[in-house]
Amino acid sequence: MNKESENQIKDELAERQRLEDVIQVIKKKKIALKEKASGLRESIIDLRKDFWDDVTVNLDEPDDIIETQASLKQQAEFLAERERSHGNIDHERKTLDSLQDSPYFGRIDFKENQTKEEEKIYIGKASLMDEKDENFLVYDWRAPISSMYYDYAPGPAQYESTEDTINGEITLKRQYIIRQGQMKGMFDTGLTIGDTLLQHALGNNANTKMQSIVATIQKEQNKIIRNERSNLLIVQGVAGSGKTSAALQRVAYLMYRFREELNANDLLLLSPNPLFSSYIINVLPELGETNIGQSTFLQFLRKRIEKNIEIESPFEQIEYTLTERHKDKNDIRVINMDYKSSLDFKQMIDSYISYLNHTGILFKNIKFRNEIILSKEEITRYFYALDSSISIPNKLELVSKWLLKEIRHIQQKEVSEDWVLEEMQLLDKEDYQKAFTYSQDMYGDEDDPLQEEMFLRKEVIQRAFAPIKKQIKRLKFVHVLATYRNLFEKWEPNLKPKNWETIATFTVKHLNKRYLTWEDATPYVYFKGKILGHDADRSIRHLFIDEAQDYSAFQFAFIRHIFPYTRMTLLGDVNQGIYAHTTSENPLIPDAVESNHERITLTKSYRSTKEIVEFSKHFAPGHSIIEPFEREGKKPTLLQTENNLVQTLLLEIEKLRRYGHETIALICKTMEETNQIYELLRKEIDLYPINEETFSFEKGILVLPVYLAKGIEFDAVIIPDASSNQYNRESERALFYTACTRAMHDLTMVSPGEPCLFIKEADNDTFKVG
Ligand SMILES: Nc1ncnc2c1ncn2[C@@H]1O[C@H](COP(=O)(O)OP(=O)(O)OP(=O)(O)O)[C@@H](O)[C@H]1O
């Protein structure tokens, strides 16, 4: 045996020994923690049981009451503090469990220039100290020193400590695969983080839940994850380049880095569809962090729109534009979408709002018992008599105060009406008792029926007017929808855009049915916020927007308006813009955004095999560079069929299953096609149709429209109709590209008839005809 192999064996033995030692430490820590937890649990149970014993309750004098309150508060705080500690212990226990399974995944040996000392730095999902809590056995991957693991190959390296830049040299970089506490593999790596480990991670079957990439984060991705300085970080990354993965790792990083200031409620992720939301749900808990708030943009808008107004979903909108019947570019709907997505329309709303400051806001009558008690004319007069320099929301606040005062006068008049007496009969026994006690307290022992009656009358009046007052406080007397409608119906804009009359007629038709098309939903909420005020959200500190290419310029401007002080990370791919309104105004396109931003571009695609990337990049809509990660597979297959579609699909599914694929997706262009394919195959095979209400999926055979497959991946993808009949418009290029790039290992396109133009654009040797 030569010296080198001898050293290698020694080294491996030492690593195995260290792993065992570390696991021993973890086990001991778990035992100690268990004891601490049981002590704490008992003390919490005792505290809850004896809560009142330790509180001095005395309500005799005002001073005693204050003392009682203080004593109660102290006791409650004491209990809460114990419960918090118990929660922390629980968190610590989960961390130790996870470390026991796999305590670390990487190591660098770093020699500092100044001290000349070399330290072995082991990196894992969380930090671990030795038994005396003196030295780090494992560093958290987010610690400053760990950044070098992701950023440098062996050789000169540096990192930013809290005070200074530390320079030195990495003399060794090593990776481990440790599962169930056992060393399964160990590699010394060079330039990038272990192709071996990455190959291993990417070669596995697709998961129905996304996994964290902590062990194999790439240098470019690390820049996104650890970026602290920019207020607006824009990531343009090709399909499968790890944008979503990086975004979630970034959340975990920020929560660690700013743990004193940030908690999960301060972060929000806007995601493309409910299926995606559940797809990523495990990543943060796997990294030891709590999940942050998540919402689709539709859910976000829905919360801000009146319940009795129906909103079209973005998917219904896409379905409309993709359906063959509406392919005409002059389709009024498409014209409407284009205009309502633009900043020009936002400007038009702004000038309409300036106009409304002088005239034009519509109000509703305030009715009581079917009678108008305050008319819309009176409200209008009061509103427009207020100084025009006061903003509309502030004027509405003044109107609201005035209305409440008027209501009080009306209440005083109504109290002696006959209907009040009738309603009094319906009051509870307790109310009569209260009236009696009140009269006793106020007017001595003698029973005073008149006072009691007055008390009860007032009670009836208070209850009857309570809903009206609530509505007034919520500014419900403003007829927002009708005022918005007048923008199109009555108002004469100075500068009318092209096709204004057609757009206006189309919009009014829908608003009359209390229906907002998707392109009108954001403008409406923007308008409503500007009129009623209070629309800025200052509670969110970081906003993440995934699939950012699918937002229109108007939607972005609106988001900025709602979150004026929030830091933002936008992640997207211009190649995957599937909405008709993705225009040159989208912020992912340079120059379209605020000047103060930072842009990171990811060009390497990790999801799909080299063959799938080499094929699909030929017809990617943008002109961006797309590089494959070197993972070999089979070339995509094109199957041309004439009239045996069902047979072809069944045979192909069977073949893909034989290859070991567990998640096979039949990706269609529309929901209409999805339903057709489902109907064709459902009697032959078990398959799961997915629609916009599907919240999660299991392994198996799935059938879904491409817009619901956004952000998700499958072992194999079959495009059941890749013919020129189905994909024939330039605007469908991104859709076809998105469908192809959902495949990790295998891609099959079935074409009844002539294959689509996009396939023809690919080099012949990048796919095979089967
Ligand atoms: N550094 C990495 N280590 C291991 N796996 C990675 C890494 N980067 C990306 N991946 C894997 O590549 C796949 C694609 O990642 P992700 O979904 O984050 O990409 P994306 O850019 O958001 O994709 P798309 O825009 O196409 O939806 C996932 O399976 C992810 O786990």
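Every residue gets a Cβ built from N, Cα and C, even glycine.
Remember, predicted model here, so these are calculated numbers, not experimental data.
Per TrEMBL, coiled coil is recorded for 2-36. Mean pLDDT for the coiled coil (2-36) in this predicted model: 89.
For 216-609, the entry in TrEMBL reads domain 'UvrD-like helicase ATP-binding'.
Per TrEMBL, the feature ATP binding site maps to GLY237, VAL238, ALA239, GLY240, SER241, GLY242, LYS243, THR244. Sequence-distant contacts of THR244 (ATP binding site), defined as residues of its own chain at least six apart whose C-beta falls under 8 angstroms from its C-beta, comprise MET210, ILE280, ASP546, LEU571, GLY711.
Ligand 1 lies within reach of ALA239, GLY240 from the binding-site residues VAL238, ALA239, GLY240, judged by a C-beta closer than 6 angstroms to any of its atoms. Those residues of the chain, other than GLY237, VAL238, ALA239, GLY240, SER241, GLY242, LYS243, THR244, with a C-beta within 8 angstroms of the mean position of the ATP site C-beta atoms are ASP573, LEU602, SER605, TYR606, ARG607. Remark: ALA239 (ATP binding site) has ASP573, ASN575, GLN576, SER605, ARG607, SER608, SER616, ILE626, TYR737, THR738, THR741 as non-local neighbours, by Cβ distance under 8 Å and separation of at least 6 in sequence. In the three-state DSSP reading, THR244 (ATP binding site) counts as helix. Counting every protein chain shown, the Cβ of VAL238 (ATP binding site) has 30 other Cβ atoms within 10 Å.
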